[in-house]
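I am attaching a structure below and will ask some questions about it afterwards.
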Amino acid sequence: MMRKIVKVYFLFLAFMILTTGLRYFQMDIFNLKNVGEISPILISVIFILLIKKDSFKMLAFNKFELKPLFLPIVAIIFVIAIDFIVQFRFHLIQPPVFNMSFLVSLLIYSVLFTIMLGGFEEIGWRGYLTSKIIQYKLSWSQLIIITSVIWSIWHLPTHFAKFEHHFYIQYSIFVISCFEFSIIMAYLRIRTNSVIPAIIMHSLIALLYASFFKPTSNHMDLYFLTFPSIVMILILLPVSIYYYRKGHKIYSDNYLKTPAPEYVG
């Protein structure tokens, strides 16, 4: 029993070290600022090719219903809107300018973030990694903790890189937001049996912050209120608790039973 536990968690530890290490070397050693975003999907593919029991079905590119996405998207937009109001009130961000240039940038960001941020990351976290957790029949709480911890640590290099906006974010607060967002995206993943809703959600969050949160000169002085602000994580808390409870029931009823879902392989 102990050997099995060590084997399981060693795999997750290796996944975390490889994805984070690859990102760090690409950013710091080779000064490739954005290429590091591919490490979650790249390491997932390598694991699938090396582990006999794994298959590309574990990436969870399955058809899904749009209905489960509606309420989480509304909740996220509401929370980010409150964060925008707070930061704008303290003159941390500039007022948005709605012109043709802004709309073109918004369109470009939508495509890039869906592929590079939402896609490359979520295929790793809510795709392969979540499928592996389901395969090992770990609990719902373990699923949230493992994916949140790995996701948080993967972002750690950006908090020491001056070319990244994360440089102005308190890491401890950022970790809390990772747990909250992980719960919502994990819920979407197990509710729809597809990674695509998590990709959409992740991309939406990144798109809203990149498009509407342009920092002012006060940004560094009051960095404790920047993304993810204290107000935002407090408002997001009841939302994440709600989806944690809903996800726990769905996961217990549908994913801890035998046989395991088809995509697990």
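Our numbering is plain: 1 for the first residue shown, then up by one each step along the chain.
Placement of Cβ uses the backbone N, Cα and C atoms for every residue, glycine included.
Keep in mind that TrEMBL annotations are predicted by a computer and have not been checked by a curator.
Remember, predicted model here, so these are calculated numbers, not experimental data.
In case it's useful when we look at the structure, here is the feature table from TrEMBL:
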- 7-26: transmembrane segment (TRANSMEM)
- 38-56: transmembrane segment (TRANSMEM)
- 68-90: transmembrane segment (TRANSMEM)
- 96-117: transmembrane segment (TRANSMEM)
- 106-206: domain 'CAAX prenyl protease 2/Lysostaphin resistance protein A-like' (DOMAIN)
- 138-156: transmembrane segment (TRANSMEM)
- 168-188: transmembrane segment (TRANSMEM)
- 195-212: transmembrane segment (TRANSMEM)
- 224-244: transmembrane segment (TRANSMEM)
Given a Cβ distance threshold of under 8 angstroms, which distant residues of the chain, six or more beyond its ends, lie next to the transmembrane segment (38-56)?
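Hits for the transmembrane segment (38-56): 11, 15, 18-20, 22-23, 26, 116, 119-125, 127-129, 132, 135, 154, 265.
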Where does the mean pLDDT land for the domain 'CAAX prenyl protease 2/Lysostaphin resistance protein A-like' (106-206)?
84
